[in-house]
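> A single structure is presented below for examination.
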Amino acid sequence: MERPKPALAGRRRVVVGGAPEPYMTPDQMRDASLFELFTLEADAQTQVLSAGLLALERNPTQADQLEACMRAAHSLKGAARIVGVDFGVSVAHVMEDCLVSAQEGRLLLQAEHIDALLSGTDLLMRIATPGGNSVGQPDIDSYVERLNALLASGAGAARTVNTPLPDPASDALLASAMQQLESSAQGAEPVINPVPDPLTAEPRPPSRSAAKPAPAPEPEAPFTPLRERRVAEGGERVLRVTAERLNGLLDMSSKSLVETQRLKPLLAGMQRLKRLQSSSDRALEVLGASFGEEGPPADVQKALEDARNLLSQAQQVLVQQTAELDEFGWQSAQRAQLLYDTALACRMRPFADVLNGQARMVRDLGRELGKQVRLQIEGEKTQVDRDVLEKLDAPLTHLLRNAVDHGIESPEKRAASGKDPEGLIRLQASHQAGLLVVELSDDGGGVDLERLRQSIVERKLSPAETAAQLSEEELLSFLFLPGFSMRDKVTQISGRGVGLDAVQHMVRQMHGSVELQQWTGEGSRFRIELPLTLSVVRSLVVEVGGEAYAFPLAHIERMRDLQPDDILQLEGRQHFWDEERHVGLVSASQLLNRPPAQNAGEALKVVVIRERDAVYGVAVERFIGERTLVVMPLDARLGKVQDVSAGALLDDGSVVLIVDVEDMLRSVEKLLNTGRLERIDRRNRQVDHVSRKRVLVVDDSLTVRELERKLLVGRGYEVSVAVDGMDGWNALRAGDFDLLITDIDMPRMDGIELVTLLRRDTRLQSLPVMVVSYKDREEDRRRGLDAGADYYLAKASFHDDALLDAVVELIGDAQG
């Protein structure tokens, strides 16, 4: 009996991807879930089809690619029939007919067949995409008629041809697509493969079962769900995990690694106890000897012997417990490190994941421009962090389009130059010195430097006399300027001058660099260097104003110890001589709003930081050392915190803020332009002790507490913290404070309850209170003020001086 068509699928036949109705029956909800699975299936299978068809365009007789494409079309037909999407069944069926004919030798795939099959692949993805473009019956009828016409005209046209060599790039793309299909994980839900050695996973080749003619619509081979096919075909087990859960796993594993460090002081305490016991034993010996030659009385002698025995037993127990704790601490640290490394490895994905659709884009763009272009890919198994891969997609697309449009010449021009009419674009990925290095090169005509020089002058970017003296490197740097293009006419492909500028901007956002080299008449090469992961950063941890800050090593040129005589005054600013150049000197305490160090006469610790052409020396109090830090993003409600990019935890569990070097250099320029840059005074000076006002900060967010504390301590206030309202109430009753700063939403006791209790207490009722909350609606503000708060501030204002100005308004300066 024919399976009844669900109502939801029926609606999708009219407008595919339309949003479900607000209220659905249980059957409709089930069908919506099925359609979501169909979308995942289509996403994976169309990747197999695209990669395989590109390989077949170069070698139309490759049996493995024909088999893979036929199976993908067949699977899509079965999946579409399961969810009742008849449009998908029709398109996939006619595509399967075409591929089966090619398998059986009745059809030799030509360019027009590949074009039609790729169009069918796009059409299937449109059908399977919720909220995508509408697909109607005329679209389906037109496509089926087109492919049937090609089948009819090409029937019996198969002939013997010279079999070209397989294309490594196409094979790599097909293998990657098949691996993606096996994992069935696209978009924001990565797949955790067996770890810790993700490089060993190899995509399983498709089954090469004998091809059979396309079956009639009835009977149809049963569709096997993807999960069952993986098990049946011996594929390794995989698990789909959301990105949020994966990030949570990495966060917890890093914290567990930090917790293992807390065993070290316990072990050190037991070692001290052993030394105390040894001292006690010697003290008993001295006590016994103090009685002289006669010795102590019998009862005292017995007591001394008992004490020695008890002390000896205690020493034996302590030695045993110390050894066991030492062993436990070592094993805990090893396992926590393994857990952390494993969680980090789960974020790593092969470079091939970012290549889905790139080869197709190069092929289609080349045909549109009348060029023959081949994309060769190397290093597709190179492991890269998922976040880096996602952000690398757009720059690679820009560079590939640039290579096809600007780099590769027309076949006629290449032949006239003695080149192969088919242009080659080579994309390579590798690990070098802890970085991901991506090189994209082409064998085109390179950059016409004289024409570039002329464009610079015409656009009034440089006088003709200056442009004539520019080196090749300086000329090429103009290509990365916003709005710069060497094309006189704007087309759909190029001419607007946003390509390379966008590439440079996106690469810099990932703390990377991009470099262009060219050889006139021979080609050009782009080299991109990026961190392997954005989740972990190797940093130099320093102390500034008694607090720890981290400078990413990627932005550090070197560290210096400066003596007072090394500091020079040039044009009213402090500099020092470094690598045959003058480098400006600035104080980290001023930039980070921390109290200045009181270590006059000692060597000045300086971190030389660089971002592009901007180089400065930042004076800090001391170097703590290099650390590998797990990046912990700041709460989004805080907005952009000046000169800080993220937070992290050190081995002892203390918080460290990671410096945003690019933002810090902008702060330096701002201070220079306004004339507010302070000099670093290395002279001896006495500091009088002045009592400071005390502030209690109550907030359940570690990040917010630390940020508020750092801001207030930097202004000179003495700050205590509490983790919730109950903890804050206990602190208020136990100590004396000049100001209370509290959040509203907290466990155990919220901020409103805390302020209410405070106003009822005869000793505390006059204490100034500031409420700091992410809620900035008027009714929330009124609720806090009605409870007894003197000031209400939204957390989004932390990036400026609003918090400190409000504190000064309420209680004055720290030492006032």
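Note that Cβ sites are derived from N, Cα and C of the backbone, with glycine treated the same way.
Annotations in TrEMBL come from automatic prediction, not curation.
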> Between 184-231, 376-423, which stretch does TrEMBL give the note region 'Disordered'?
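Feature region 'Disordered' in TrEMBL: residues 184-231.
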> Tell me which residues of the chain lie with their Cβ under 8 angstroms from that of Asp743 (4-aspartylphosphate), as long as they are six or more apart in sequence?
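The answer is Val698, Asp699, Asp700, Ser701, Val704, Gly751, Val771, Val772, Ser773.
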> Just counting, how many other CB atoms are there within 10 A of the CB of His74 (phosphohistidine)?
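Neighbour count, Cβ to Cβ under the 10 Å cut-off: 22.
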> What is the number of residues in the domain 'CheW-like' (536-670) that are helix, strand and coil, as DSSP sees it?
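The counts are 23 helix, 72 strand, 40 coil.
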> Return one of helix, strand or coil for His74 (phosphohistidine), based on DSSP.
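Helix, per DSSP.
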> DSSP-wise, what's the residue breakdown of the domain 'HPt' (27-131) into helix, strand and coil?
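Residue counts in helix, strand and coil order: 89 helix, 0 strand, 16 coil.
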> Pop the mean pLDDT for the domain 'HPt' (27-131) in here, whole number is fine.
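A mean pLDDT of 83 is what the model gives the domain 'HPt' (27-131).
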> Which three-state DSSP class does Asp743 (4-aspartylphosphate) fall into?
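Once the DSSP labels are grouped into three classes, Asp743 (4-aspartylphosphate) ends up as coil.
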